[in-house]
Every structure is written in structure tokens, then in C-alpha cells.
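J.: Structure below; questions to follow.
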């Protein structure tokens, strides 16, 4: 049965200009939606599995390929362009709108992500690819014009929409609505744009049955989007909790990452407070003192009036630094203000860091450490580099020859710098890559490691101004440590034969080899 009648060749002259504007405005809107879906899938992948460059490559490659297939698939639909375009937009509203929710559910409850990502990206790309051919046919039915001129008009609207979508995602949708609700809102834009265009300009081209079908599907789509939007908070809570064994006591999607804190009784009966950033464990309150004592105190065994902390927004390294009465200033640079605010205000974390972030000697700077260092002229006695592992493009640059050279430019003549370097047992290539990278920056590092039960064996690199390898030692004048003694820190320099020094290529900004090494090694665990 025919559901769409043959359209008139040319619209009445009085409607042509307005109709063309409406169609190009629709092209603008749906282009913005398409780019938002691409960015949403890339961002979700970066949050859940890391390595933004790889996530972007997968999403863009699959979607661009599928868009080409979609353009070809649209050719037979040109007989019914109005109804076909409305159907494509309603399908995009559902698939694109629910894409983040579907993929997050797959990741949380099935441990699957890559295959669903490819399938969703391909389906969205297929639908996006069908849009321009159908819009081109509708544009020509408004008024016949040269193909080149029609393509130019549609491309101009399409590219401008891409600009707006690209800006709207990071500056409006992500910070104000989050990933799930942001995608659902964009899905609503798809639905409204497609249905309005067809209903206002091409309603007469539809049969009665087609109009009824369009009305029904549009209403169901709107109902599903509204229901999902109102259910988002409960869904996020359930999906997020499925990823963690302990109850979640705090969660937030900041501008940069997903922040989660859990708390439960440990096997030893004490409360275990844990912080996760993008799913990666940052500390366990049961044994974090082992990590932070080993990180801070060897670097503080020397001049220590002025200390710089790069990363460490939880305030736990600062807690250890402030044990020294000689400390006059501590400058902490952490990208995410949501983390440093949490360290200042979340009661259990404030108790754990002993309110170190509110100490008058501490200055907190929320900035990218690399960019911030380039703008500084001062020097520090001790630099503590407590960055997340280099499992994403954004953090890999903080483990580069260029970054270490930049950081050490700000060491005093007798200063020391320590770098958290991951696990020499679980990720030995990554660990020794950091050593090679520091050497390429002109320094001889002293590697050492300690046991942190929640992490496993964990290692560090200590360097000093001048380039010679520093000795490891502790200043015991501040009182006993919970996990360290001078004898233990001396022994921490000894590595077993199966994890001894490996010659690795250094990591640079232009060739961040550490990124692939982290991914390949930690994927085994």
C-alpha cells in the first residue's frame, strides 16, 4: 500500500523562501546532534576504559564508514523523502538518545564494551549518512536548483551545525546535564527537527495512514525519551553501584572525570574508604599511608621549606608534607577542582587527610600541571609528582621527557623530585619506561618500591637537582612512620631478578609509548 503520494514539483512561490530556511535550519540542527553523539561516545569510552585517542579513532572511523553506507542506503528512499527523513530522525532520536545509557549498562552489567560501542556507532553513523541525501531531495522539491548550489547550501548548514554541536557538548550539555541526560536531550532535538520539518512543509505529501503512523511513532518516541530522562538518576546509581563491591557514598561526574567514593568494613573490621577516578582506584584508607609515606618522605629528606605537589588532589600527600615543621608553603596543582573541593569538604576524607587542604600554608591551584609549569618562574625545594597512571592521552603527557624537563627546571639547586611510577610487578615495562624517560630528561633516578596491599607492589622514582642519583633516606625527627624505617627504605631499592631493570624507550609528547605499555600490561589484570 502506498503511504506517501507523489509530491508537487514546485511549492507556491510565497512559501519557497521560508521553506528553504526551515529545511536548512533542520540540516543545521541534525548536524549538531550528529556531532554530539560522536563526542558523547568518545567521552564515555575515555571515562570507562581510558585512552582517548583510541576511543576517538574507533568511534570516528566506524561512524564515517557507516555514514557512507547510509548515504548509499538512502538512494531507494528518495521516492518517499519526507516520510523517510522523519523515520530516520525518530530512529536517531531513540538510538542516539539512548546510546550512552545502553553502553553504560553494557559496561556495568555485562563487562562488554568494545563490541556494543562499534555496533552503536555503526548504527548511528548509518542513520546520519542517510540525512543529507534525503534533505537534498526535499530541498529540490521545494525549488529546483543546480546540484552544486544545493550541495553548497546543505553543506554550509551541516558544517555550521557541527560547530555548534561541538561547542555545546563540552560547555553546556556535559557540565549541566551529564552524559546520559545530555544525549537524551539531543535525541529530543532530532525528533522535533525531523517531525516538524515534515509536518509543516511536507504534510500534504503524506497519505492519511502515513500521518497517523508518524504521529504514533513520534508520540512513543517522546514518551520514551521523557521517561528515560526522569529515570536517569536511578539508572546511574544502579549502574555505577554495579561496578563497585562496596556501597557508594559519593559520586560525581566532573568536567574531567567520574569521581566515586565507596565505604565498607574491611576484612579486619575497620572502615575502608576508597576513591576511584574513572574507575581506577586512587587509595584505600586501610593502607594508603604505605603509599603516601613512601612517596613523600624520601623526597622530603633534604631542603623542604617550599614544596610543590603535582596531582594529589585528595590531600593525603599534603598531610605527610605538613608533618615537617620547616615547611612554609605547599603549592598543590590538580586539574580537577571537584577533587580538591571533595578533599576540603567531604567529612571522611577530611578526617583522613587531617584537614590538610584547609591549612593556611597550602595553596590549591586547579590547572593543567603541564600548562601551569610553563607559566611559572619560581623554584621549589621538593616536588611531589602524584599523578594518575598514564592510561589516557591527557595523563600520558605528564610522564614525558618534556614534562620531566619542565618540572625539574623548577627545582632548587639542592632540591629533590619524586614520581609515582606504578607497579614494578604488574606493569614492569611501564615502570622502567618512566626510569628511561627521566634519564632522557637528564637525571639518574633512584627506583624503589614498597608493598601496598590494595595496589600490590608499587614503585617510585626519586631524582635530585644536578642529575646524580640520590640516596634514599628518612628524617626520623618528625616521629615514627607507620610503614617505614631507615632499614626498610634502604632495602626498597632492591628488585627481584624477575622485575629488575629493563631497557625501555623513553616516552615523549610526540611518541607517548607509555600509553600503549600501560594498556597492554594492565589489560592482563
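One is the number of the first residue shown, and numbering goes on along the chain from there.
Including glycine, each Cβ sits where the backbone N, Cα and C put it.
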J.: Besides 257, 368, 369, which of 204, 205, 334, 409 does TrEMBL list for that S-methyl-5'-thioadenosine site?
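T.: Within the candidate list, TrEMBL flags 334.
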J.: How far is it from residue 314 (spermidine binding site) to residue 257 (S-methyl-5'-thioadenosine binding site), counting Cα to Cα, in Å?
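T.: Given the Cα positions, residue 314 (spermidine binding site) is 14 Å from residue 257 (S-methyl-5'-thioadenosine binding site).
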J.: Decide whether the stretches the transmembrane segment (55-74) and the transmembrane segment (86-107) have at least 3 CB pairs under 8 angstroms, with pairs required to be 6 or more apart in sequence.
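T.: The answer is no, given that the two segments have fewer than 3 Cβ pairs within the 8 Å cut-off.
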J.: Counting CB pairs under 8 Å, which listed stretch among 21-49, 86-107, 113-135, 156-177 touches the transmembrane segment (183-201) the most?
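T.: Maximum Cβ contact count belongs to 86-107.
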J.: Please figure out which one of 21-49, 86-107, 113-135 racks up the most CB pairs under 8 Å against the transmembrane segment (156-177).
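T.: Against the transmembrane segment (156-177), the leading stretch is 21-49.
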J.: Once the DSSP letters are reduced so that anything not helix or strand counts as coil, what is residue 314 (spermidine binding site)?
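T.: In three-state terms, residue 314 (spermidine binding site) counts as coil.
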J.: What's the CA-CA gap between residue 368 (S-methyl-5'-thioadenosine binding site) and residue 292 (spermidine binding site) in angstrom, rounded?
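T.: So the alpha carbons of residue 368 (S-methyl-5'-thioadenosine binding site) and residue 292 (spermidine binding site) sit roughly 22 Å from each other.
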J.: Could you state the CA-to-CA distance between residue 257 (S-methyl-5'-thioadenosine binding site) and residue 386 (active site, proton acceptor) to the nearest Å?
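T.: A Cα-Cα distance of 17 Å.
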